[in-house]
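Enquirer: Please find one structure pasted underneath; my questions will follow.
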Amino acid sequence: MAEPGTLPTGFRELEVLAVGTVLLVEALSGLSLNGLTIFSFCKTPALRTPSHLLVLSLALADSGISLNALVAATSSLLRRWPYGSDGCQAHGFQGCVTVLASICSSAAIAWGRYHHYCTRSPLAWSTAISLVLFVWLSSAFWAALPLLGWGHYNYEPLGTCCTLDYSRGDRNVTSFLFTMAFFNFLIPLFITHTSYQLMEQKLKKSGHLQVPALIAKTVPTINAINYALGSETVCRGIWQCLSPQRSEQDRAK
C-alpha cells in the first residue's frame, strides 16, 4: 500500500486521479439511480408487491456496491488508503456482501418472473421475503469466511481499496475462490439462464412473446459475468499493463 501523500508504485498522478474520477462518477450515478428505485418502491403503493421486493433487494445491493466504490474513489483521489488494515477488512467484507447479494438477487428476480409467467400464480409475500433473507444471509456468510481464515481480503494493486485477494496461489485461497464461484456465480447463472429460457419457451407457445429471446437470455448472463469477473480481474489486468516491471517480478517469483 502507498504511504500517505505518495503515489502507489508503478502508477502516475494522472492514472490515479483518472481511476478515482471514474469510480466517483460510477458511485454517484449508482447511488442516484438505485436511490430512485428505492424511493419509488417506498412511495408508490402499486409497486409494493412481492415481485418488486426482489427488485428492491437488487437496488439495495447495487447501492451498497456504489457506496463501496465511493470509498475507493475517495481513497484514490487522496492517493492513499486512510482507514488502516481494519478498515480494509471492513471495506472488503462490505463489497463482497453487496456483490454476492446483487448476483443472487438477479437470480431471484429471474426465478420470480418465471414463476409469474409460467405458473400464472402471483408470488407470495412469504416466498419473496424468504428469498430476500436467504440472499442476504447467504451473501453475509460467504463474505465472512475470509475474516475467519478461509480466503483473504487485501489491498488492490492501486492500494486505495480492498477486495478478495486473488494474487495468492496457495490452497486456502484457491479452494475458497473456486467454491465461492460455484455457489455464488455458476448456480445463480444457471438459475437465471434456465428461468428465462423456460419463460421464453412458455411465452412462445402461448404466442405472447414480446421481448426478443436473445435479449431475454443474454442480458442477465452478461450482468452476472460482469459482477463476477469485472471488478478484480479487470483491475489486475490494468495493473499488469501499467506496471510491466512489477508483473515481470511477480512472474519471476
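Cβ coordinates are placed from backbone N, Cα and C, and glycine is handled just like the others.
Pulled these from TrEMBL:
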- 33-253: domain 'G-protein coupled receptors family 1 profile' (DOMAIN)
- 16-41: transmembrane segment (TRANSMEM)
- 53-72: transmembrane segment (TRANSMEM)
- 92-111: transmembrane segment (TRANSMEM)
- 123-145: transmembrane segment (TRANSMEM)
- 176-196: transmembrane segment (TRANSMEM)
Enquirer: In the same chain, which residue numbers or ranges, 6 or more beyond the ends of the transmembrane segment (123-145), come under 8 angstroms Cβ to Cβ?
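Expert: Residues 49-51, 53-54, 57, 93, 96-98, 100-101, 104-105, 108, 111-112, 115-116, 151, 176, 180, 183-184.
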Enquirer: For the transmembrane segment (53-72), which stretch among 16-41, 92-111, 176-196 has the most Cβ pairs under 8 A?
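Expert: Most Cβ pairs under 8 Å with the transmembrane segment (53-72) come from 16-41.
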Enquirer: Does the transmembrane segment (16-41) come close to the transmembrane segment (92-111), meaning at least 3 CB pairs under 8 Å for residues 6 or more apart?
Expert: no
